[in-house]
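Written out below as C-alpha cells is the structure these notes cover.
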4 protein chains.
Amino acid sequence: MAAALVRKLVFEVPVLRCRRLTSISQCLISRTGLRTMATGVKVDLSGVFPPIVTPFDEKENVNYDELTNNLQRWNSMPLRGYVVQGSNGEYVFLNKEERVEMVRRVRQATPADKLILAGSGCESTRDTIEMSKMMGDAGADALLVVTPFYFKSMMTSEALINHFTKVADNSPVPVILYSVPANTGLDLPVDVAVALSKHPNIIGMKESGGDVTKIGLIVHQTKDNNFQMLAGSAGFFLQSLSVGAVGGVCALANVLGREVCQVQTFFSDGKMEEAMKLQHRLIEPNSAVTKRFGVPGLKTAMEWFGFYGGPVRNPLLPTSEAHKEQLREAFTRNGFL
Amino acid sequence: MAAALVRKLVFEVPVLRCRRLTSISQCLISRTGLRTMATGVKVDLSGVFPPIVTPFDEKENVNYDELTNNLQRWNSMPLRGYVVQGSNGEYVFLNKEERVEMVRRVRQATPADKLILAGSGCESTRDTIEMSKMMGDAGADALLVVTPFYFKSMMTSEALINHFTKVADNSPVPVILYSVPANTGLDLPVDVAVALSKHPNIIGMKESGGDVTKIGLIVHQTKDNNFQMLAGSAGFFLQSLSVGAVGGVCALANVLGREVCQVQTFFSDGKMEEAMKLQHRLIEPNSAVTKRFGVPGLKTAMEWFGFYGGPVRNPLLPTSEAHKEQLREAFTRNGFL
Amino acid sequence: MAAALVRKLVFEVPVLRCRRLTSISQCLISRTGLRTMATGVKVDLSGVFPPIVTPFDEKENVNYDELTNNLQRWNSMPLRGYVVQGSNGEYVFLNKEERVEMVRRVRQATPADKLILAGSGCESTRDTIEMSKMMGDAGADALLVVTPFYFKSMMTSEALINHFTKVADNSPVPVILYSVPANTGLDLPVDVAVALSKHPNIIGMKESGGDVTKIGLIVHQTKDNNFQMLAGSAGFFLQSLSVGAVGGVCALANVLGREVCQVQTFFSDGKMEEAMKLQHRLIEPNSAVTKRFGVPGLKTAMEWFGFYGGPVRNPLLPTSEAHKEQLREAFTRNGFL
Amino acid sequence: MAAALVRKLVFEVPVLRCRRLTSISQCLISRTGLRTMATGVKVDLSGVFPPIVTPFDEKENVNYDELTNNLQRWNSMPLRGYVVQGSNGEYVFLNKEERVEMVRRVRQATPADKLILAGSGCESTRDTIEMSKMMGDAGADALLVVTPFYFKSMMTSEALINHFTKVADNSPVPVILYSVPANTGLDLPVDVAVALSKHPNIIGMKESGGDVTKIGLIVHQTKDNNFQMLAGSAGFFLQSLSVGAVGGVCALANVLGREVCQVQTFFSDGKMEEAMKLQHRLIEPNSAVTKRFGVPGLKTAMEWFGFYGGPVRNPLLPTSEAHKEQLREAFTRNGFL
C-alpha cells in the first residue's frame, strides 16, 4: 500500500514541471558549469561544502561584512561550494528576511563555479515552497530541505513523500533532502529517499545521522537515478566516500576546509592509508565543534584559524572557558594548532 | 555550580521588572478577576483549558469566522479559558502575523472571566520576547512558552534557565513553562522548573510528558512559590490532580470540554470512584485525538461534536477513512457517540 | 490479524491446565486466605510489596541469616507480602540454585498470610517454565514474569503473547506480568496485557515504566477479567491508585515499608490531602534508591533504618561517599532521618 | 577523577597475571600460529568471523551433529575463525553446560589455524570470570565479553572498567570487548575502550552499533596498543575497514562467508570499486538476517545455502511465510539466489 502510494506520487509529476525544469537548468548551466548526463542536466555535488555559520555582532544582529570576509578566505580553498542555513547557520534563529538576505549576500561574494546550497526548510509545506522560491531567486543553485519534524509521530513515509514532492514540484532549483536526527528527532527512511530519488527535481541527500549502512544502501538502490549522497559530518566522511557518497557537508570545513577536501583527494587518488590517517585526525576536532560544543564551539574555533566566529544567538550560550580549553586540546592533540 | 548559577540568575531579577509587573497585574485584575495571594498577585490557572485548534479553509488559510463559532460553543462550558497556539493550534505552521491575530480574535470572542494563555515560544530568545510582547498586547493573560529544542544537546539547565529568565524578565504578562517531549524531544528538567518557579513572572508549567512522578515532585519542591502545575493531556488528568496539579491543558477538551471539566469537579468533591470511571472512559478518545491520529484526528472528531474542524496544513495529512473508523470507535466504545 | 492471533492463543488454553489450576488454587487457599470471585479463585494482590534485596556477605555470597533478620522486621509491618527476585533482588546475578533457595528461605521466614511473589523470568520460554515450577514448589504464591528482552526487536505482541501463554499454561501458581523498561528497554504493550488478562492463570501486572495513562487504560480494558495492576514504584503510587491500581511493588518499601502502606491507607480512607502530602515526601527518597543510586543506594539506605543492606555483586559498585551524602539528604530533607 | 580511576585500574594489573599470560600465550602459539609483536604476543584477529548459530532440533535441544556438518562447510572458506555464543548463537537461551559444550564441540571440529572466539559474558562479574575460565579450558582462543547491561543506568565508565579489568585479570585467554546496543541498550563508550586497550589481556573490540565515527576514533586513540577493532555487522564492513578495522564478526557470514571475505580481499588489494559494489549487494541480505528478521531469518536463509538452520528457541518465533518471501527477495534481488 505504501509502495503503491510511492509510485502514484512519483509518477504524478506533471509535464509542466519538467518544462519549467529545463529552463531552470539552462539558467543554471551558465552560472555553475554543470555536467550534462544522459538522463538530463543535474547539479554536480561532488566535493566538500561547509555549512557556513551566520556571523552576528555583539547585539546578535547579522554582520554581513564579516560574512564577506569569511567567504573571501573560503573562496581560495578547493571547496565545491557552501551550504547557507544548515543547522550550523543557526537558521532556526533567523527570520524570513534574514534567511533570504544571507543567501543573496553569499551569492554576491562567491565565484560562479562554486555552488550555493540554501536551506529552505520550514515546518509547513507552504512556507517551505515560499522560502524555496525566494532563495532560488536570491541565487541558490539548489535547496537543502530538512524534514519537517515538530509533529514527528505524524511524519509517515506518506507524509514525507507528499511534502518533498510538493516542494520539489514548485521549487525553481533542484532539491536536496536533509536528514539530521540529532536536531529533529526524525530519521528520513530509506524507502522515502529511494522513492523521492525518482523525482526529476530531487538530486540528492545530506545524511547527518552517521548511519553509513543507510548511506551505502541508498547509493545502491538509487544507482539508476543519479542520486547524490552527501555525508553530513566530517566524522564519517571517508567511510561514506568508501560506499559511494560523492561529497560532504561538514561543519568542520568552516575551520579546516583544506584538510577535509584533502581526505576526498586522497581517497580519489587511491591513497587509502593517507586518507585514513587524515580522517582519524579529524574526528576529535569534528566532534568538538559539533556534538560536544556545538555551534558556539565551532564559532570559537573559527577565531583561532583567522575567521570571524563571533557570538551565537540565545538560547545558545557562549563557550565557557573550561570548554574552550577542551576544544583547543581537540585541535592541538591532532596537530592542527 | 549549577545551583550557584540558578541562584544568581533568579536573584538578578531587576527591580524595574517588579514594578512593571505590578501595573500589569493591576490591568489583569480588572479583566480576569484574579485571586490575590500573600506573595503577590497571580493568575489562577485552576481548571481546564482546551488548546484550541486553528481552523483553516480549503486553501489552508485561517478561517476566523469558524474560530468565532467554535468559541461561542466553548464559552458556554465551565472551561477556565483557552490555550491559543499550543501544539494542537499548529502554531509551527503559522507565520508571525497569523499567530498574533489568532490571539486577538480569540480575546475578542471570549468573556473576560475566561483566561487566554497564548503560546509565544520561538527557537530564539529574541523572537520569543518579541512574540510575547505582541501577544500580551493582543490580549493574552499569560504566555505558554515551549522549551527551545532544535539544538537539543545544547539545551543545558543553564541555557534553559537563561532563556526563560530573559523571556520572563521582558514579558508584559506572566509566563507558563511548557514541556512537550513528544514533539520537541526535550524534557524540561525538574531542577530547571524549580529554579524558575522563584521568578515572580513565572507562574506555572504545562507538563505534557506524562511523567506524573515529575509532576508530584515539582508540586512538592515549589510548594512555597505558588507555582501551578497543569497536566498536558487528558490521559493522565486525574492522576495529576491526585498529586497536586491545579488543572489541565487537554486536547480532548476541544471535543469533550464538559466531560474533562467533570473529572476535576468529581475529584474536588471527593468522588474518587466517579472521577476514576470517567477518567478511564476518556483515555481512549484522548489517545485517539493525540498520539494515534494527531491534530488531523482531533479536527475530524470535532466535526462529529458540532464544531468546525476543517483541514490541517501540510505536511500533516487528512485523516484516512480507515483511521476515521478507528477514531470513531474510540468514542463510541466509551459511550461518547 | 494480531487480534485474530490474540483470540486464538487465548482460547486455546487447554482443559488440562484448568483442572490443574483448581487444585493449585485449593492448596493456595489454605495458605494465603484468598478471596473467591465469581470467575474463580484468584490471589488478592491489594497492598504493598517490597521487592526485597538479596543480602550478600563480603565475598558476595548470599547471607541467608541476614535475610531472615530483615524479614523479621518486615513481617511486623502491614505489607501484603514480598517480591523475591525483582530487579532489586539482583536476580540477574544469581544462579539457578540461589534463585530458588531465596524463595524457599523467604517462605520459611514469612507468615502464611503474607504473599510471596517470585520472579521466575528467564530469557527463554523453557527456562522460565522450569524456573516457575521450581519456585512454585519452593513456596511462591504467584510468579512475577519479566518480559524477555535480549532480542527486543523480535519481541512482537505475537511473540510476547506466545511466551506468557506458554509460561502461564505450565505454571503451578498464577502469573503476574512484569514490565520494567528502564532495565529491559522493552515496554509491554497495552494490547498484550489486555489479551493476556483473559488467561485464567494470569492475574495481574507490575508496571514499572511510570506511564499512568497506560495503567488507567489497562484497568479500564480489563475490568471484566479481575486483572490486578500494581504500580512498580513508590514514585507514582498514589497516581496509580487514583486510577485503579490495587497496590504497589515499591523498592522504597524495603526501607520505608510503613510509610508506603500509609499512602494506600490514606487513599482508601478518602484522605486525599494526607495521601498527597505523604506521596510527595516519598518521591525524593524513592528516586534516590532507584534511578539515581540504584540497588547500591537502596542497600546503603537500609542500613540507616536498621536493616542489613550489605554489598552488591559486581559489576554494580558500592555507593560512593559523595553519593551517600546526597542519598542521605533525600531522606533527611523529607523528614525520614 | 574518572581519568584518575582509569589510570589506577589499568596500572594495577598485578605481576602475577603477566606471568600467567606468558604461559597462556605460549600454549596459544602452538595452536593458532600467532604473530609476535614488539609489545608482546597477541592473537591476530584480521579477517572474517561468522557468529555461528546454535543448531536446535525440533524439541529445541542442541543438535551437535548438525553443528559439525555446518562447520565442515565453513572450514573450507577463507574465514579467520568462529564466534561461538555471539548474539546470533542465542547464548541467552543456553544454560551454562550448553554454553561450554558448544565451545568444546566447535574446537573439536575446527582446524588449529582458525580461531575460536567464545562469548563468555554474563551479567555478574563473578559468573563472567567463571564462564571465561571454562570456555578457555574448552579450547577458546579468546573471549568475546559483552557489556553487562541489566542495570544500565548504573553501568558508568567506572563500573565497566572495573568489570572488564577483573574479567581480563582472571581470564586464561585474551579478552575482546563486545558492544551491541541493539540488544543491550548500552553503548560501550570510547573512553572505556581506550582505557581498557592498555590492559595486556584485552586485545580488541567488536563494535555492533554501526557508529563508524566511533570505530575510527578508537583505532586512532589506541594506535599504540595493538588494539584490534572488528565490525560487528556486514552492513558497515567496508566502511569500517576504510578507517582501520582489522576484520568483522558478521552474521551474514553464516550464509555468505566467501562473499564477506571477498570484500576484505578487494579492500586489501586496493580494488575499492569492486569492494564497494560487493558491499552494496550485501546490505539488503545482511539487514534481512539481522534487524528485519533476526536469528529466525538467519536460520531460514542458511537452509537455502545448504546449511542446517533449524528452529529457534522460544520466545523467538519461526519466520512466517510472508517474511520468508521478503527474506528470499533480499537475496535474489542482489544476485545471491
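From the backbone N, Cα and C atoms, a Cβ is placed for every residue, glycine too.
Database features (TrEMBL):
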- C:Tyr178: active site, proton donor/acceptor (ACT_SITE)
- C:Lys206: active site, schiff-base intermediate with substrate (ACT_SITE)
- C:Val249: pyruvate binding site (BINDING)
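Distance between Cα atoms for C:Val249 (pyruvate binding site) and the residue listed as 'active site, schiff-base intermediate with substrate': 7 Å, as a whole number. Taking CA atoms as the reference points, the residue listed as 'active site, proton donor/acceptor' and the residue listed as 'active site, schiff-base intermediate with substrate' are 5 Å apart.
Taken residue by residue with DSSP, the residue listed as 'active site, schiff-base intermediate with substrate' is part of a strand. In sequence order, C:Val83, C:Gly86, C:Leu144, C:Ile176, C:Leu177, C:Tyr178, C:Ser179, C:Val180, C:Leu230, C:Gly232, C:Val249 constitute the residues six or more apart from C:Lys206 (active site, schiff-base intermediate with substrate) in its chain with CB-CB distances below 8 Å. In the three-state DSSP assignment, the secondary structure recorded for the residue listed as 'pyruvate binding site' is strand.
There are 30 other CB atoms within 10 A of the CB of C:Val249 (pyruvate binding site), with all protein chains counted. Other Cβ atoms within 10 Å of the Cβ of C:Tyr178 (active site, proton donor/acceptor), summed over all protein chains shown, number 27.
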